[in-house]
Amino acid sequence: LALNPWDVVLCISGTIISCENAIVVVVIFYTPAFRAPMFLLIGSLATADLLAGLGLILHFAFVYFMPSEAVSLLTVGLLVTSFTASVSSLLTITIDRYLSLYNALTYYSERTVTRTYIMLILTWGASICYGLLPIMGWNCLKEPSACSIVRPLTKSHLIILSVSFFTVFAAMLQLYVQICRIVCRHAHQIAVQRHLLASSHYVTTRKGIATLAVILGTFASCWLPFAVYGLLGDYSYPALYTYATLLPATYNSMLNPLIYAFRNQEIQKVLWAVCCGCFSSTLPFRSRSPSDV
């Protein structure tokens, strides 16, 4: 089989994704202080992206060194599960951030921990079900005309995934708009109580909107091309279009650690401590609630 440069790029992307998210998973897993709901959800996102990176590497290895239809179904199932879990984890993080502001007084209760575990179970349960569909027979290996732009996924399967993306994006957009309103309202109240200048409120508002734009803009720019092409594309279209839209989607898993993990001040402290050779699982932390918009 001739080596496809696009497959090489996807494999390299998978390697970078795996290394980045492996760091996040190890830091969260081996730091007892990171057992708060926020870190559990970030860990879920990092685990999903780590599996996505490994799936890209395995897909490349099996296609070029051990080609098999059964193995192809397994790798595609792993990719569907991991990418679905990644997108769903982004939604759960958004829900957690919204509730931490909307129900600030009860956020630290046991109900929050229970709710977090329920969201994780639903997220991974639905993702695994999506990933098992090709393995359980919902594929186009025996009927090529039913194939989508991603073989061996059927057209109907990919449509469901694409529609799910648009649903998640709409929910995240609505929640982050509400989050931005709450933050702006709190900033205005604090400015009034402390007799601060209007410019202070403006700076806080602008920072919140900028963070909102980065989160939603990154998510949409990475996944929107593939989701739209998944709805409109056909198996007879050139594979170049599939690669050109799928590659940006993988970049979302590459950028997630930068946006959700490495920007977190508590995780930064642990990483700096590890780099300095003075790692301690009892490092003091500033906060245990979502600190970013």
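Quick reminder: no glycine exception, Cβ is built from N, Cα and C everywhere.
In TrEMBL, annotation is done automatically, which means it is predicted and not curated.
As written in TrEMBL, here are the features:
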type     : residues : note
TRANSMEM : 6-31     : transmembrane segment
DOMAIN   : 20-260   : domain 'G-protein coupled receptors family 1 profile'
TRANSMEM : 38-65    : transmembrane segment
TRANSMEM : 71-95    : transmembrane segment
TRANSMEM : 116-138  : transmembrane segment
TRANSMEM : 158-177  : transmembrane segment
TRANSMEM : 209-228  : transmembrane segment
TRANSMEM : 240-262  : transmembrane segment
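Counted over residue pairs 6 or more apart, the CB atoms of the transmembrane segment (158-177) and the transmembrane segment (71-95) come under 8 Å in at least three pairs, which marks the two as touching.
Between the transmembrane segment (71-95) and the transmembrane segment (240-262) there are 3 or more Cβ pairs closer than 8 Å, counting only residues 6 or more apart in sequence, so the two stretches are in contact.
Sequence-distant neighbours of the transmembrane segment (38-65) (same chain, 6+ residues past either end, Cβ-Cβ under 8 Å): 1, 3, 7-8, 10-11, 13-22, 24-25, 28-29, 71-72, 75-76, 78-79, 81-83, 85-86, 88-90, 92-93, 96, 100, 116-117, 119-120, 123-124, 127, 250, 253-254, 256-257, 260-261, 264, 266-267, 288-290. Below 8 angstroms of C-beta separation, residues 37, 40-41, 44, 48, 73-74, 76-82, 84-85, 88-89, 92, 95-96, 152-154, 157, 160-161 of the same chain, each at least six residues beyond the ends of the transmembrane segment (116-138), sit close to that stretch.
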